[in-house]
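Q: Got a structure for you, written out below as structure tokens; questions coming shortly.
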């Protein structure tokens, strides 16, 4: 199969970068569909995420209070542990509630995902049925159908990632507020350490989409080769005609080429990602040393040390997760746009108008001077075909492969329209 890819992957990836973030415009429409799948589950999931978002800073703050209270009680001759155990009880309660909320989030994610996956699959089925046979047999259209169909399960992950972003924004905001309260300079150091990693993730997510899109036809061919070579029905014909070596060699070449492209991208992304991650680790320990000096100088307490170091570490991880999810969401939104592009394909009148079938065919069919050629091709498959089939008569169409036998049947059934000429008469009605 001839590969319909751009001149180079580099050229295609540049194209991908230009529309990577513009694809986020599809998210509002996506969430409308999620909402329609189950409003109650969506609201439950959203509220649970909001409550879970504030638990990290709450746990850190209560932990700070516990440490400061412990140090205070050690310094006292007459110890009163009532306040200390109160703080411990509060922290235990927050931890239990956070765990229950996370389980609720996972449960509702799965349920909403199943409902949405079923609903979107049904939409694809119904949309496919609305289209003309010419559209269904057009290679470019079929690529759209494949991309829309294959990404059904991936859109469930997009939903979870998008909702997690909202949760992360609230968590990040609460942690930033805590850091600003004690030491605003830490925020600048943190942001500077995260930005390079974000740029790297954004760059390679667009590259991956570009490769996946340009290889749609080849991946479909790989699925086909895998099927005919390892299916209990088709394997008989493959063995009979001695096609095993050809199919295996073709599969090995295509899969090998795809592997090499993915390997190069993965290696580059991993190398640059590791370098930028080391930068983030250095920034964390730089901030940690800065906080230690503050504690030694007496500016901060031990409890505040644990709060700030914990907040900085959690904030760094949250920001890394936020930016990673953001680029992943941008990439998934590109596939989501393929899905909506498929649903938005205009349906022609021929696709929606069904010719009524009479209860009884009295006279039969008459085909007059039918010409037909497929769209995009100058070659006519059928030229000047004329014949009659009387009611109750049986007729066999005999010819070589590619002679147009199946095409003629589809014309009779009105799946296709003649290119020129051709009157179809059934029971004295013009079809």
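Heads up, residue numbers simply count up from 1 along the chain you see.
Any Cβ shown, glycine's included, is placed from N, Cα and C.
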Q: Would you mind telling me which of 202-224, 225-247, 248-270, 271-293 TrEMBL tags as transmembrane segment?
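A: Going through 202-224, 225-247, 248-270, 271-293 one by one, TrEMBL flags 271-293 as transmembrane segment.
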Q: Have a look at 107-137, 138-168, 169-199 and point to the one annotated transmembrane segment in TrEMBL.
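A: So the range that TrEMBL calls transmembrane segment is 169-199.
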Q: For the transmembrane segment entry in TrEMBL, name the matching range from 41-62, 63-84.
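A: Going through 41-62, 63-84 one by one, TrEMBL gives transmembrane segment for 41-62.
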